[in-house]
Amino acid sequence: MRNRPAVAGGRGVSWPEEGRGPAWFNAVMLLVWLLAGVVAFLPFALNTSPWDAVTLRVPGNQGNWWHVLVGAPFFLAYPMIWLRLRALFASQFSTTQGRRSLWSAIGLSIAATALVEVPFLLHLAGTSAWQRLSVLSLGFGVLILSAILLLLRRDRVFPTQACLIGIDAAYLANAALCLVVYSEAQGSIGSRVGWFLSMGIVWIILLDLGVLFVRAYRA
């Protein structure tokens with residue numbers, strides 16, 4: 001991947017430098033990711049938020065490494081908020097050091113999601129067959145497909161654009177896994193409001209991921 005000058009997109013539209021996209025789109029996605037940032041502190045299931053999971057404040061003192069790993073990727077919302085703010089207000093979309101930090105966070109999130117999948121691979125999660133298949137398909141599927149598509153166009157993707165793709169994919173893989181695992185959780189809407197918000201957010205992030213790949217393949 002390398003820096004390139006602005007290129008013309010479809011129908012003669014010129015995309016801003018560094019592949020940051022139009023301002024209105026970045027503003028919309030900033031709002032979406034701000035909501036995702038709020039979700040990290042809202043009850044997702046059993047009145048427990050991703051922050052509670054990371055800090056092992058799980059009902060019945062049942063928190064363990066699995067909860068830490070499944071909760072941590074929700075905080076990828078904050079690096080993405082930083083990127084969207086820079087896309088709107090900074091003259092330079094990102095820095096080399098900033099991108100290294102982002103890829104470190106992305107890599108850790110992907111590793112966490114892979115480890116979270118282990119109990120499902122070994123039939124130790126106690127979930128139904130359809131949940132197990134859904135978790136494995138969504139978790140690994142999003143990551144593997146995104147990696148393949150990105151590698152195929154790595155010479156035509158802006159470095160920061162690749163970071164956007166990486167965060168989208170890593171966040172989606174974990175969020176989709178959690179939505180499936182906790183789809184049958186009992187409780188009031190208030191005790192799992194984060195789950196309902198995430199259900200809407202993931203579709204918009206998936207759309208964003210699709211737009212990023214379309215732009216990469218049209219370049």
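Each Cβ is built from the backbone N, Cα and C atoms, and glycine gets one as well.
As annotated by TrEMBL, transmembrane segment applies to 21-45, 65-82, 102-122, 134-152, 164-183, 195-214.
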Could you check if the transmembrane segment (21-45) is in contact with the transmembrane segment (134-152), meaning 3+ Cβ pairs under 8 Å among residue pairs at least 6 apart in sequence? no
Cβ-Cβ under 8 Å with the transmembrane segment (65-82): same-chain residues at least 6 beyond its ends: 30, 33-34, 36-37, 39-40, 49-54, 56, 58, 101-102, 105-106, 108-109, 112-113, 115-116, 119, 164, 167-168, 170-171, 173-175, 177-178
Checking distant contacts: for the transmembrane segment (134-152), what same-chain residues at least six beyond its ends satisfy Cβ-Cβ under 8 A? 110, 113-114, 116-117, 120-121, 125, 127, 162, 165-166, 168-170, 172-174, 176-177, 180-181, 209, 213, 216
